[in-house]
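Below: one structure, written as structure tokens.
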């Protein structure tokens, strides 16, 4: 795998530059504030790959232009991707701020009475607003004593939320989206918009025809020893579901083995195309060994591939999961049907949480009345207002079965660095692999089938592009729901029972698109969505504001909405502010 240095967090202690007593009295307190911030972030955060987060602190406190420039030189040489400026006192506003136009930045002004940290915070934010370089404000709710070195809970929450989102921004910058194929069945998300990736995400698009995948398979441009390992792993761990095809379309054992072999090869080759593989250089394929520096990918599949070759279901499901024949590892981000916009939502979720993402069709709204009519069952609990059936043949991560457990024994999806091999095995054991339905996939394949455990908090997201407006983000926090087995079976067999299912109940607010479950479904902007573990909508909102992507729909509590301070100057309604600010500032990487 090609190694590119991970972005670091820069910590900028700023100080009142007046000597003869003022600066000298503040040096230790200011630098300790920077060190405490760095300690918090390195203890609480990891990169999505699992590596520890590193912080870089300015060599000196920053009182003016010269020290700000020296700090910037250090940060530029150490791949600092976001900055946090900290101070307990008055400093010189525009002389000390971080002026990099694309680097996410926050300022923590200490809430104390001895020195006016809050006054500097306000002055510096005014400079940021006037110069068109938005910054996030961090200011504790309660006054602290000057010698109090603790970080209050509300300050910690903002520091961590800012840092998670800022690391996501910095990690995406300079990477690529691998578009393997073109437009799938007219799905708009697979009309890959290069300008969106370049201007809003700082990414490139690598467009590769699906014949490149065919070439790699046919010419054995892969690690043959690894293929044997993958086959042995599948033989040990795969349970096969019923073949629902008519007799004339069912494959014999030899044909089924060939389909499995090619499905695993597809996973290997797509992975190698994304990140490279030094083993390919060993067999003389140096160019192919480099990969495309892809942090996310999409596979068109339907129909130009799937009408004659095995579909991408197995490859996508395995790649998006946190484990394979090599053990537990970081999940990849691979969007089925090359839905690049759902792929971006997956990428955001993975970068914010380090977890696998569940790709799904937003297939059916089931009202309580309809379920009672069809099954005789009356919905209650989380499901009492109705549920949405999330189901897709393709790339739902097997982690989505929720056979992993948190510290209290509850079902969940964990960051890959916390997953045990036993938990990975449990997810595999909960999954059946069903022969693909011939009417959809003439080339065959295997679709994973599992049922997500109930009562698990999830956040469903989706990015859409609106002509004349640009990208927008949708967010719906809610829970998975467990239905009685007979009820699930009746409902599931009305669609395609060979695919993975999550029954989802969004949290309702009684207003707008969250008036009821029907309205959530009716306002969803496309046929696909992504499930990310936990109620993490607030993190998505912060990330979107950094990228200048307005949020058109969410059910996050207003007190958790955290955006740059300049948004407040764009009107009195916080969602209207978001639209006006994103339009005013334009995409983060303007083109």
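Cβ coordinates are placed from backbone N, Cα and C, and glycine is handled just like the others.
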Residue from 337, 384, 557, 558 that Swiss-Prot also lists as binding Mn(2+) with 361, 528: 337
Alpha-carbon distance [residue 337 (active site, proton acceptor); residue 528 (Mn(2+) binding site)] in Å: 10
Spatial separation of residue 361 (active site, proton acceptor) from residue 337 (active site, proton acceptor) - C-alpha basis, Å: 11
Fewest-neighbour residue among active-site residues, criterion Cβ within 10 Å, set 337, 361: 361
For residue 528 (Mn(2+) binding site), the number of other Cβ atoms found within 10 Å of its own Cβ: 26
